[in-house]
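A quick write-up on the structure given underneath.
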Amino acid sequence: MEYFVNVVLPIPLKRHFTYSITPAEASFLLPGMRVSVPFGKSKIYTALVLEVHNTPPVVYEAKEIDQILDDVPLVNPVQLKHWEWIANYYMCTMGEVMRSALPSAFLLESETLILRNDEANVDESQLQDDEFLVFEALQHQSTLKVHEVSIIVDRKNVLPVLNRLLEKNIIYLKEEVYEQYKPKLVKYVKLGKEYLSDEALESLLETLSRAPKQSQVVLALFQLQSGSKKPISVSDLEKYSEASKAVISSLVEKGILEEYFIRKDRITYDGAENSEIKTLNEHQLNALADIKNAFSEDKVTLLKGVTSSGKTEVYVQLISDFLERGKQILYLLPEIALTTQLISRLQDYFGERISVFHSKYNIQERVEVWNNVLKGAEKAQIVIGARSSLFLPFANLGLIIVDEEHEGSFKQFDPAPRYHARDAAIVLANLHGANILLGSATPSIESYFNAKHGKYGYAEINRRFGNVLMPDMELVDYKEALRKKRVKGHFSERLLQEIEESLGNGEQIILFQNRRGFAPVLECLTCGHTPQCSNCDVTLTYHQYKNQLRCHYCGFHTALPESCAACGSPELDTKGFGTEQVEEEVKKLFPGAKVGRMDLDTTRGKHAYEKIITSFEQQELDILVGTQMLTKGLDFRNVSLVGVMNADSLLNFPDYRAHERTFQMLTQVAGRAGRTQKRGKVIIQSYNPYHQILKQVTTGDYETMFEEQVYEREQYKYPPVNRIIKITFKHKNYNTLNEASEWFSGALRTNFGGTVLGPEFPPISRIRNLYLKHVLVKIGKNESLGRTKKNIKRIEKSFNSVSKFRSVRVIYNVDHI
Ligand code: ADP
Ligand code: ZN
Ligand code: ZN
């Protein structure tokens, strides 16, 4: 009998490939194990086994696999089902899901670049011959490709040796993401192993008796070490022993002391669980009871609780319940909300049972967390992570918490799979029979809609913890202030007054200015009016090249108006102002204040972000100017004033979610104010203070906002009632792209009853030499999403059979947000 194995390759080609295997291999291999396989003329890939069977492929001769890479499955059957759902739902291949799901260390292939780890302490005598050859080659050459390794070890199949070197931390793999991230290392010292017994130490001190400085250091270290289990840094030792660095170095050289390094961000946690879980107040208890009730009916559950209402403490209680039952827990957060503030808060309760999974962590660490989850290790019973932590190999998952569930950044934009982590988490919970809680102060329209219609369970907390008052919100009519000349730069007198008062009281201030989106919009400087598309209810974007205003959904366009349609003023502007400008102005206006800025530019690299937060927390800064980064779950105790510089730039964002997002962002940023007994103040400046969304924000009227948004979305056929799929076409040739996208959208229109908008150029229509065009498909509530996707895939097939279209890339974004 012949044996075959179906595998997934990490490439965007069809679903799986078949290779031939020996009977022995067939009896060993299980789904979820990795094998290395040849592909094409000379490539090698790591592939994942889906199924072992006896049916030869029909159209091609099956090649043999190179080698089996695992003893036990790396990926479990639930994961494979989950991947399959993602591939189907988001219209991509299993290979693309696999590439996103597995840490790249698990996916060696012939194109992978191999680098030496300069920080590794390598004991050459411990290396096997082939490992040594690679190690040696990397002393002469900074990078190697897999096929070069193959020449060096004179063997075709090199993935095993590379896997061994990876495990020993001697090499790492190049991925652009990690290039910029240099973790900060702190140097620690300890006594050499030989000196750990009392006798050894005594005789050591004896031999050092003629070097008093040195014995002083040894004694100091001994005392420090016996006093605490914490690692001792070189600088601590220096201070405590009052000896110089040179003395310490000479002891290290003699081997009496040993140096080692720990990454700074890994030791924030010092080992002891020191907090008791808080006793919940009656509002929290009510919410908890409602959640448990809904959980008992296996319902996805939404917790809506105003900012600072104590949602996190409710999560803590739930986590502790599921821990007691021996279950794994996944705590999902948007990348940017994954701050040390939250992590150390949870570590205080749960200590070492927490693992953090972060895209900025390096490969080895991610592999470590993966393996701990796979083993069901205690260290990884609770995983806190951003969206990619969904893909960890949970075997015993009991609870998923999706915090800040309204956040748009849960949706992966590029590359495929373009999945929404919240929605994929709901499916994952379902596959595991686990419970899932979505939490937010400002739920997404979708989730609240589902809760209202009984599809989700629901719980709420409407007061801040400890009866702290919601901040007092005030709208400032900026147009009026401008007319009366009561402004300085971009600051109204009202805002200036409040800043002055807060500074006088020694309190801190946050100034929020959203960066403009990449799409410039036109704005009247007099009345703040921004032209809208009459078909789509979104803001028109300004296209400089054609001097037009265009809708990037439906293609509606109009010449650039010479004056404002609302007030007739000829002063129209396409450029807003950014955080940098606000920072400069505020520094001039308040020369005595210490001002910091937090936006994408100032927070490249993880530590930059933490540094700004820490210095604000420790009140080294009086005023923090920032973008929406400031809105994410941060808890600053001393902030009494939040100023929103310009609410209009949020409202006028060219997107059907602009109003929802404005409500969410402003509510969240306002939530940073007055988290202690003193009532916080929020000043919102706007050209258009009578805008209904701004009223709803200031009165905290989520309900009305929700009703109005749902009504509008039904009118214009957007989610939650309708579904949308965005199709993007990319090609280097302008004409080919036009022709191809017209052909495709034409076929869609003939085959499909729903609404097809476009093709339309986005505001930035050419990226890296490729032209882009979008088509938007709106699927009504009476049409089937599944059938529409099948239709689209069928059209793509005929599309690809037209030879001139074959090089056009077609990209699907299901539930595009
Ligand atoms: P949210 O997550 O809703 O923004 P938090 O959980 O951060 O709110 O709670 C706000 C503040 O109130 C925090 O400082 C938290 O420690 C405190 N707090 C919340 N619940 C309790 C409780 N039951 N007992 C004591 N302090 C609490
Ligand atoms: Zn105007
Ligand atoms: Zn339109």
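Placed from the backbone N, Cα and C atoms, the Cβ positions cover glycine too.
Lifted from TrEMBL, the feature list:
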type    : residues                       : note
DOMAIN  : 292-461                        : domain 'Helicase ATP-binding'
BINDING : Cys524, Cys527, Cys564, Cys567 : Zn(2+) 1 binding site
BINDING : Cys533, Cys536, Cys551, Cys554 : Zn(2+) 2 binding site
DOMAIN  : 537-712                        : domain 'Helicase C-terminal'
Quick tally, other C-beta within 10 angstroms, Cys527, Cys564; top of the binding-site residues is Cys564
Neighbourhood of ligand 3 - binding-site residues from Cys524, Cys527, Cys533, Cys536, Cys564, Cys567 with Cβ under 6 Å: Cys533, Cys536
Determine the Cβ neighbour count for Cys533 (Zn(2+) 2 binding site): the number of other Cβ atoms within 10 Å of its Cβ. 22
For Cys524 (Zn(2+) 1 binding site), the number of other Cβ atoms found within 10 Å of its own Cβ: 24
If the criterion is a C-beta within less than 6 angstroms of any ligand 2 atom, which of the binding-site residues Cys524, Cys527, Cys554 pass it? List them in sequence order. Cys524, Cys527
Spatial neighbours, same chain, of Cys551 (Zn(2+) 2 binding site) - Cβ under 8 Å, 6+ residues apart: Cys533, Asn535, Cys536, Val538, Leu540, Thr541, His557, Pro654, Glu760
Looking only at Cβ atoms, how many others are within 10 Å of the one on Cys567 (Zn(2+) 1 binding site)? 13
Cα-Cα separation of Cys554 (Zn(2+) 2 binding site) and Cys564 (Zn(2+) 1 binding site), in Å? 23
Tell me, if you would, which residue among Cys536, Cys554 (binding-site residues) has the fewest other CB atoms within 10 Å in the structure shown? Cys554
Per-residue pLDDT averaged over the domain 'Helicase ATP-binding' (292-461) comes to what? 93
Around the recorded Zn(2+) 1 site (Cys524, Cys527, Cys564, Cys567), other residues with Cβ within 8 Å of the Cβ centre, ordered by sequence, are Leu525, Thr526, Gly528, His529, Ala565, Ala566, Gly568, Ser569, Leu572
